[in-house]
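S.K.: Dumping the structure here so I can ask a few things about it.
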């Protein structure tokens, strides 16, 4: 009996130990939620880059397809000329009617026959060169179209994958929140709301104190500061919802500068500025690969649309934005 009781006590202790280990703390859940929401923002920025590449490839493919139509028409005209020549050449052979029928049905295909071209090569080299050159242009254009189409399909798959991974991260964050006991969940939400309200109030104060001037960077910065309190939504670019690169894109559009909706592409614009030399209105980039962009407002602070679950805010500029290192600044 004593042995049975001892075994039960050991088992009860083990169950309690496992439960204690499995029960997440409010602080650990908050950290994991923040991490997952940040991960979602990173995936969304990768998706923004894919969207830009898709748009570029679609435009390029469309232009190539139009070019192919033009060249195909040129080839049809050249083929028709050669067909008439060939028919005339073969009239005396007694097969003129047959050749005429073959050429009229598909002159380009029939002219590709080596024996036909060899028969014509002696007296019509100029026309033959034109035919061959035009045919090669068609084939080359078709190869490029096929290549761009493959790239386009790959980018579309990449876009879908990034969006799915972002949504998966947000779903995991939501499940983590629901895994807490009701009292702990309510406490986490209260504490999160209190932190966000403080950041929002401080941000409004910083925005009200900024005077600026009429430079492009200052105009963009003023616009971004006017959006404080607006929520983060992926792919949004106003008027009341933003992601990080959507906010910077619209801000600089206000200043007369056109930027793409992607932090990874925006970093290619303007001139590079060292961390120690940033000025109000400079774009700040974070992450390897780049997954976040903000605008420096001076005084060691920056304005940004950070990630899902947060709003446009002003926060201190440091060389690390969460786990993302500062990787560069650009002045437009």
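Easy rule for this one: first residue shown is 1, then count along the chain.
Note that Cβ sites are derived from N, Cα and C of the backbone, with glycine treated the same way.
Caution: TrEMBL annotation is automatic and unverified by curators.
Pasting the relevant annotations from TrEMBL:
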SIGNAL    1-22  signal peptide
COILED    40-67  coiled coil
COILED    154-186  coiled coil
DOMAIN    214-332  domain 'NlpC/P60'
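Describe the structural context of each listed feature in the structure shown, including burial, neighbouring residues and relevant distances.
M.R.: Among residues of the same chain six or more beyond the coiled coil (40-67), those with a C-beta under 8 A of the stretch's C-beta atoms are 141, 144-145, 148-149, 151-152, 155-156, 158-159, 162-163, 165-167, 169-170, 173, 232, 234-235, 243-245, 260-265, 287, 289-292, 306-308.
Long-range Cβ contacts of the coiled coil (154-186) within its own chain (Cβ-Cβ under 8 Å, at least 6 residues beyond either end) map to 24, 26, 29, 32-33, 36-37, 39-41, 43-44, 46-47, 50-51, 53-54, 57, 234, 308-309.
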S.K.: Give me the DSSP three-state residue breakdown of the domain 'NlpC/P60' (214-332), ordered helix, strand, coil.
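M.R.: Output for the domain 'NlpC/P60' (214-332) reads 28 helix, 38 strand, 53 coil.
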